[in-house]
Amino acid sequence: MPFSEFGVDPDLNRACLDLGWILPTPIQAEAIPTILGGRDVCAAAETGSGKTAAFGIPCLQLVHEYLGGYSTFGATEGSTQPNIKKTEPYADASRGIAAIRSYSQAVATSEDATAFGIEPNATSTGQPRSTPNYTGDSEVLYDRSSNVFRCPVDNKWVGVRFDRGVSGKNRYCFECKVESEGLYRVGWSTSDCRYVVGMDRMSYGFGSTGKKSNLGKFVDYGSPYSRGDVVLCLLDLISGHISFKLNNRNLGMAYTIKGVPDPLFPSVCGKNATFTINLHKMTFPEPGYTPIGLVQSECENDGAKRPSGSSSGDARRRGHDTLCLVIEPTLELARQTLENFKLYSKYLTAPNITVSDSAGAHVVVTTSRGAAKIPTTSLRLFVLDEADELLKQEGRELTRTVMSIKQRELGSQKLQVLLFSATLHSPVVVNYVESLTQNAQWIDLKGHPQVADTVDVCVVQLDPSRTYDFESHYPDPTLDGLEHIDQASHRIKTLKPKCLVFLLDKLNISSGLLFCRTNLDCENLCAYLAHLNNTRSSSMLNKYSATLLGGKLDQHHRKRNLQDFKNGLYRFLVCTDVAARGMDLSNLPFCAMLNVSDCKFQFLHRVGRVGRAKLKGLAIVIASTVQERVWYHTCSNRDKGRPSSRFKAADACRNYNLVDKGGCTIMYDEPAYIEEAKKLMPPGQALPVVDADAFDLRGLMTEQYGEVSVSTQDKTFVNRLAELSTFSQRRYLINLSRVF
C-alpha cells in the first residue's frame, strides 16, 4: 500500500515521492500507523531498511497536527480533548483508512460541501465548530488541503476567527487574498466579539467597499478591493496602531488602540466570498512585523471565554516548545537524521515545523549530551535511534529522564517513547524496555539476527608463527605501545595493517570503510596509510588516502572529515564502531575490520554499512588465530597523551598488567569471537576463511560489488512468479484448444 493508505499527511507523502519512495518498506508499513495511533514502539529491522523514515514521518505528522490543533498527543479515555470533528482528515486516533473513509462520508452529507469539495464548519448539531485552528459561523466552508475558505451565503455576513491571539509589545501581521467577487472585511478582534469583524467595540475591520468599521460604524478608508487583491493586516502593539496595506500599498493608520485588555485575533468575514489566509509567509513581507503564525499563541481562541481551570484553555503552548526529541549515539548520525527530517518536512506549512539540533525548535535531533540542555516540560515524543548503543552507554540516565517526564504527565497527555535499532534483542535493551515504555508494540522484522544476503563476508586469519609473502612488500607500522609485552601480539599488530594494504592492492579497492577497535588504532592506521602514500611511486599517489573519524575528534573535525570522504576527497574512512554507528554512506561497496567485534550485534552494525539499498557489498575481517593483548583502560589517563598525539594512551599509561590484576590490558580472544560471528551467517551459508597470501574470492564474487543485487528472498519470489505465469499460460492454451 502507498504511504497515503496509512494516513500519512499529503505534504509528507509528497516529500516521499520526491525521494523516489512510492511504497513504504516493511518497517515503515508496520511502524508508521502504530506511532500515529499513539502507541509506544520497539522496532528492530535490518540496517538500510528505512528506519529513520519509519519514525521520522509519523513524528513530524504528530507534531504538525498538534501545532495545528488537529490532535492531542497520547489522549486517554475520558480525558478532555478539543472539539475536533471526526470528518477532518487524519483527525481520529487511527489516522488510517478509517479516517479517510469517515472524512469522505461526512463531506458527502453536505450538498454545499460536496459541490465545493470541502467540509462544512459545523458539527452534527449545526452549531459552530470550534477547533484550535479557527472558529467561525456554521455556514463557513474550509478546504484544509488548499487553505481556502468560502462564505457561500449571500444574504448575511458570516466569518471566522483564527487562534493566534497576541498582546504585549510587538508588531504582527497576516494577509488575506481575495479569490472571488463578493463582499469582504478583514481585521482584528478579541475572543468575545462576533465573528463578523467590525461590529463590536474591540473589533476592527477594513471592508472591500473601501470603508473601515468599528462598533458597526463605517468610515471611508483606503480604497475598494476585489478578486486577486491581497490585503495585509498590520497590528502595532508598540505604538498602539492598526493599519492595512493593499497589494503592498500602504493605506495609512486606520485605528489607534490604547489599553486593549484582551489578546487580538486575526478575523475575516464575507458575503458570497472565497478567500485564502496566510499566517506564516507573507506575499508582501513587512519589515519589523512578525507573521502571526510564527509566534507562540498567548491564548487559544474558541469564540468564547473559557471557564476558569479549563484544561484546554491553557494546556497548549505551541510556539517553539520542544515536542519531539530524537537522540542519536553520535554527532554524525544526529546530523544525518536532522537532514532527513528537514527533507521530510519541507512541504509542511500552516503551521510550519522547526527542526534543529538545539533547544528552541519543535523537533530536536541531538546526542545524549546535547539532550541534557533541552527543556522537557512540553515533550511528547521521545525517540532513541540505535537504542541498543544508547542504552548500553547511558541507559540509567535516559531512564531517569523518561521517568521524570512521565511524573509530570497530565491525564490527557502522555509521553510516547519510540525505540529503534537493527538489534533490539540484546539483554541490555530488554532490561530497559519495561521501565522506558508502557504497553509497547514490538515490531520485529529482524527475526534471528543475521548478516544480510546482499553482503559477502570472509575472514582472513593471521597466524603469528607463520611468514607471509606480502610482509616484505610493505614497511612496518607504528604500534600501540604493547608490542614489547609478548611476541605473538607484536606479530599480529605488525601483520594486520600490512595485510589490509595487500588486500586493497590485490582487489583494487578504491573506496571503503576501515574499522579499528580504538581511537589509538585508528590514528596509527591513518598515519600508516599516509606514510605509504608518501613513499609509493607517483602513479600510486593518494591511492591510500584516508581520513579519521575517531570518537575523540572534536565536532568540527568529525564533520569536516566525514563530508570530505563523502565528497570523494579521501578514498577510505578509518573509524571506530561508535563513530560509524548508523551512518548512511550510499553506494559503499567495501569495508574491512582490523579486529573481530567482541559483541555480535556490533559485528552486524559493521557489516551493515555495506550491502545497503540492494547493492552488493564485501566485508573482510582480518583476525588472529591466537589471543592478542590490547588496551582496556580502567585508569583516568586513558585520554591523556602528548599534544602531538592526543589519543596515545600508552604515552601516559604504563600499567601493562591485565585488568583482573589491576592493570589496563586484556587478552582479546578473536578466535572465540569468530565462532560467535559464524552464528550470524544466513542459513546454509558458512563464514569462509581465506588464506592471506592467495586470497581467492572466486567462490564469493558471483556479482560485481557496488552493483544492484537481488536478495535470496527476492529471487525466490521472482522464481515463484515465473512458475505461476508459465502455469497460467499453459492452462489458457489448454482451455483454448478445448474450445476449438
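Using the three backbone atoms N, Cα and C, a Cβ is placed for every residue, glycine included.
TrEMBL: automatically predicted annotations, no manual curation.
Quick caveat, the model's predicted, so the values are computed rather than measured.
TrEMBL lists 1-29 with the feature domain 'DEAD-box RNA helicase Q'.
The domain 'B30.2/SPRY' annotation in TrEMBL covers 96-284.
Mean pLDDT for the domain 'Helicase ATP-binding' (324-442) in the predicted structure: 82. Here TrEMBL flags 324-442 as domain 'Helicase ATP-binding'.
According to TrEMBL, the domain 'Helicase C-terminal' annotation covers 499-662.
Feature annotation from TrEMBL assigns motif 'Q motif' to 1-29.
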Please list the DSSP helix, strand and coil residue counts for the motif 'Q motif' (1-29).
17 helix, 0 strand, 12 coil
Secondary structure composition of the domain 'Helicase ATP-binding' (324-442) [DSSP: H/G/I, E/B, coil]:
49 helix, 25 strand, 45 coil
